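Swiss-Prot lists these features:
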| type | residues | note |
| --- | --- | --- |
| CARBOHYD | N184 | N-linked glycosylation site |
| TOPO_DOM | 20-551 | topological domain 'Lumenal' |
| TOPO_DOM | 573-610 | topological domain 'Cytoplasmic' |
| TRANSMEM | 552-572 | transmembrane segment |
Amino acid sequence: MILTLAYFMLGTLLLGVFAEDTVSQIGINDSLWYPYDEALVLKPLPNNDLLLSFAFQLQSEPFDPAVSSMSYDAYEHYTTFPRAIPPLLESTATRQFHLRFTRGFWDALSWGQLPHAGKEAGASGVELWSQVQAMDQEQAFHNWKKLSNSLSGLFCSSLNFIDESRTTFPRRSYASDIGAPLFNSTEKLYLMRASLPNEPICTENLTPFIKLLPTRGKSGLTSLLDGHKLFDSLWNSISLDIATICSEDEDALCHYEMDARIEMVTHVPSALARGERPIPKPLDGNTLRCDTDKPFDSYQCFPLPEPSQTHFKLSQLFARPINNGNLFANRPTRICAEVDRSTWTAFLSVDDTIFSTHDNCFDLSNDQNEGGSGYDFILESTDTTKVTPIVPVPIHVSRSLTGNGQDRGGMRIVFHNDNDTPVKLIYFESLPWFMRVYLSSLQITSTTSPQLQENDIILDKYYLQAADRKRPGHLEFTMLIPANTDIVMTYQFDKALLQFAEYPPDANHGFEIDAAVITVLSLESSSSLYEMRTSTLLLSLSTPDFSMPYNVIILTSTIMGLIFGMLYNLMVKRMVTVEEADKITLQSGLKYKLLKLKEKFLGKKKTKTD
């Protein structure tokens, strides 16, 4: 026993010495880093707005698509890639999917184009599209439904409400820049898309998103992400893109790539004011921004334009600094500022030390943050009106409902091209089944070029009629908008009646209509250049009086109570005259019983006295 214990202690000591020597030999250039990149880009916008773009890129370990995870020789190894994603992709035969959570309004006139040419943003609410491998469309929809249900539980959203009445199969829209592999040559890839325009976006969707990242909100850029700050912005978008990439080598190994992004636009003075005054209260007179040229006794305060000078820290916007960089990635955390260098200056603050670079990009090295106080990013400007050039959108599109009846209505779409060159685009629209569109009522007019005809504008037309409760209306046009021209497209539709159980709890509020998707194409190669969405619409349908059943129940109960009372009285009571009733009352009342009791008592007392 003593000898065994001695051998054990000696082995432990040797193992500790070997481990200590091994750890001391591990350097920063060793092969223990993992494929994970994170970056933050800050871009000042006009009117003291600020665009913040968080980007996270991950890559899974290689795998052989010919080996199933259920086989005896299969193994799975995870590093930084989330473990919940690969089984989901394999069980649903999904080769790639794209998920968007978007809230707010993007001001294209002031802010220009969307980040990343609009390909990382979605429509208001929740939007999902994916490529699924299957034998036929029925099997593809089964896998699609399974995918949406799984993502619903993973991100705490209402994606489980996606059914066949909300799903469309785009023909030319939503084309991916990355080709999806086909693991079985006898099957095909099906592209499916669905949207929930009335889905509220909240912290319950952000928290699972952060948990997919390896830092999990504890370090790196994810330590900045807070639901209160993110959803208190003017516009925000959470995007998740996962694709299957296969090599063309002989081994034919594949891997998954995950691109997660968070974009937000915040108004800097408002964000700073919330930090200074968490509880709203009136401002002092000396802090009001008023025009002193106006009469001092005027009843109205004339606000001045936005302040042209600013100085703020990233910790003031998010109420916390960056908690170190990532400790395991093959590249350090990176922060960049896209600013006009003539009036803007960017600094990195580390342990009360300020750094600057020529390109306003900073790598967060953990060797610099020895004090452990975290990193802070500082932006200051002497003239906030000077920002980097705003790239205008290639085309402006607005959509609205027409008509005021409860049985029919119309749609009006305006395309405004203020460029000197024509714009080629794909107009995609998914309409609910209760909007019965009359394609024969489609009209194309132009206020600037009245001679234009429908064939001059619409190059290709695809329309799939909706089926009641089974399929939405699918409208997809390839259009060419001439230069410096306004095009108005209108069509009419009927409003179908819904069943009683199909109305939502807030039926009088209206029904949300999906946003239209516009994909701007290149005139030479027809490749996608820019993507944008219109705003969602609110359609009013004939709504029944839901209080009527309750009124009927109350009225019926009252009448039945009256009838039952009358019948009950006739059954248990006897009909007598008034005189007999008075006599019975005198002989059955409480006063009569007291008199009888008194007489009885006095009679007994008199008998005893005698």
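Any Cβ shown, glycine's included, is placed from N, Cα and C.
Distances, neighbours, how buried they are, the whole picture for these features please.
Neighbour list (N184 (N-linked glycosylation site), Cβ cut-off 8 Å, at least 6 residues apart, same chain): Q133.
When DSSP labels each residue, the topological domain 'Cytoplasmic' (573-610) comes out as 31 helix, 0 strand, 7 coil, counted as helix, strand and coil in that order.
Within its own chain, the transmembrane segment (552-572) is flanked in space by no residue lying at least six positions past its ends with a Cβ under 8 Å from the stretch.
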Could you give the residue numbers and ranges of same-chain residues that sit at least 6 residues beyond the topological domain 'Cytoplasmic' (573-610) on either side and whose C-beta is under 8 angstroms from one of its C-beta atoms?
none
